[in-house]
Amino acid sequence: MNTEHISASSSGGTAGCDLATARHVVAASFLGWMLDACDFFIVLFTLDNVAESFAVPLSTVLLAPTLTLLTRPIGAFLCGRAADKYGRKPVLIWTIMIYSVIEVSSAFAPTIGVFLALRTLFGVALGGEWGVGTSLIMESVPSSWKGMSSGILQAGYPAGYLLASLMFLLLPAFGWRGLFILGGSAVISALYIWWRVPESPDWLARQKAGSREVAPGLWSVIRGNTALCVFAVALMASFNFMSHGSQDLYPKLFLALERKITPDHVTLIVVLYNIGAIAGGIFFGFLSQKIGRQYAIATAAFLVLPLLPLWTLPHSSVWLTIGAICMQFCIQGAWGVVPAYLSELSPASVRATFPGVAYQFGNLIAASNALLQHGIASSLGVGLALPLMLVVGAAALSVLTLTLLNAKLHPMERV
């Protein structure tokens, strides 16, 4: 792996903005990612309602999140390249505005075909937001803020899940189309960025220094940093298997169907473990500032392993709730370090592109999680407890191994 890129990247944005402005950058980036995630989860909460509205099988509507997932890497690349060339702020604003418009447009889709086409386009904007927001926040805040800021940014994802679950309570009053219209309120965060958030000082400094040369293409970046790219995608695939493995089938198929927990109690468990996820992301993000990114990730991933039995084996809803909260605290705790870690690994010229593309390609690889876990259960003739533990445990072990191996081969300075 190219250690020159690592050290150069980690020094980016050291000075940052003044503290008042940095707070606005953190808040705006968090809001953008939270509302982006919320708009995505609204679809998952209303799948059966959408299917009924269009008089199509549920399997047809399930194509919506799949198509969104498939186009996320495209968005990460296109928006990232645009942000590396034209600046983080304008691209982030346009990305948020586009996904807000698409979300509202989805509410007025006349046919299932139009709806699926809009969700495909939504995936492009969804994939672009995270990488651009990550580069903006990591290049704008002081070095001493980076760990905490990373955790706050990544906490936007479970916060978006929570917001979507609360919005779902409005379904009887507004219907699924009304929820999609409400999802368009994400445009408020774009206005906030336009009003209170400046351009990345690191990006501006490179422009002022005359570095307006054409940014290297994706393939030239890969050729020059092959080991780094392979490592990043493998790590993010492991991360995504760890998070999707703990979330995709857990609430409805495991808690509700296998453990026979009531829907209201399942909802409570989901709310509580997402609160744990938010707390974990912020805690381990802060911890990474003290012990280093790699060791904070490794610590969180290691703690996942002894929690596996508590998370799946009890039949008591109380113990399952405790296990789920602890599990998401650690899994999303590891995730809380990811924005800072990938940003500091990234070559400076592609800092808006590299983290997002690595994240989304890893997510694409992990798209098979639900089928994998269900397939293990079917082939072994067992319930979901064992497949859940196997996939999440293997993913956590992979995150732990890859991170410690990279820490051994390429130590990073604490910033």
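Even glycines carry a Cβ here, placed using N, Cα and C.
Straight from TrEMBL, the features:
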- 25-410: domain 'Major facilitator superfamily (MFS) profile' (DOMAIN)
- 25-47: transmembrane segment (TRANSMEM)
- 53-70: transmembrane segment (TRANSMEM)
- 91-109: transmembrane segment (TRANSMEM)
- 115-138: transmembrane segment (TRANSMEM)
- 150-170: transmembrane segment (TRANSMEM)
- 176-195: transmembrane segment (TRANSMEM)
- 216-239: transmembrane segment (TRANSMEM)
- 266-288: transmembrane segment (TRANSMEM)
- 295-312: transmembrane segment (TRANSMEM)
- 318-342: transmembrane segment (TRANSMEM)
- 354-372: transmembrane segment (TRANSMEM)
- 384-405: transmembrane segment (TRANSMEM)
Problem - seg_contact(the transmembrane segment (25-47), the transmembrane segment (295-312)) with at least 3 CB pairs under 8 angstroms, min sep 6 - result: no
Completion exercise
Quick tally over 115-138, 216-239, 295-312, 384-405 of CB pairs under 8 Å to the transmembrane segment (354-372) gives the top stretch as 216-239
Exercise for the section: Note the mean pLDDT of the domain 'Major facilitator superfamily (MFS) profile' (25-410), expressed as a whole number. Expected result: 92
Problem - Long-range environment of the transmembrane segment (176-195) - Cβ separation under 8 angstroms, sequence gap at least 6 - result: 24, 27-28, 31-32, 35-36, 38-39, 42, 45-46, 49-50, 53, 89, 92-94, 96-97, 99-101, 103-104, 106-108, 167-168, 170
Exercise for the section: Grab the same-chain neighbours of the transmembrane segment (53-70) for me: Cβ-Cβ under 8 Å, and only residues 6 or more beyond its ends, written as numbers and ranges. Expected result: 40, 43-44, 47, 111-112, 115-116, 119-120, 122-123, 126, 176-177, 363-364, 367
Completion exercise
Top stretch by Cβ pairs under 8 Å to the transmembrane segment (115-138) (candidates 91-109, 216-239, 266-288, 295-312, 318-342) is 91-109
Exercise for the section: Any chance you could find the range in 266-288, 295-312, 384-405 with the most Cβ pairs under 8 Å to the transmembrane segment (216-239)? Expected result: 384-405
Problem - Residue numbers, six or more beyond the limits of the transmembrane segment (384-405), whose CB comes under 8 Å of its CB atoms - result: 231, 234-235, 238-239, 241-242, 245-246, 249-250, 253-254, 258, 294, 297-298, 301-302, 304-305, 308-309, 311-313, 327, 331, 334, 369, 372-374, 376-377
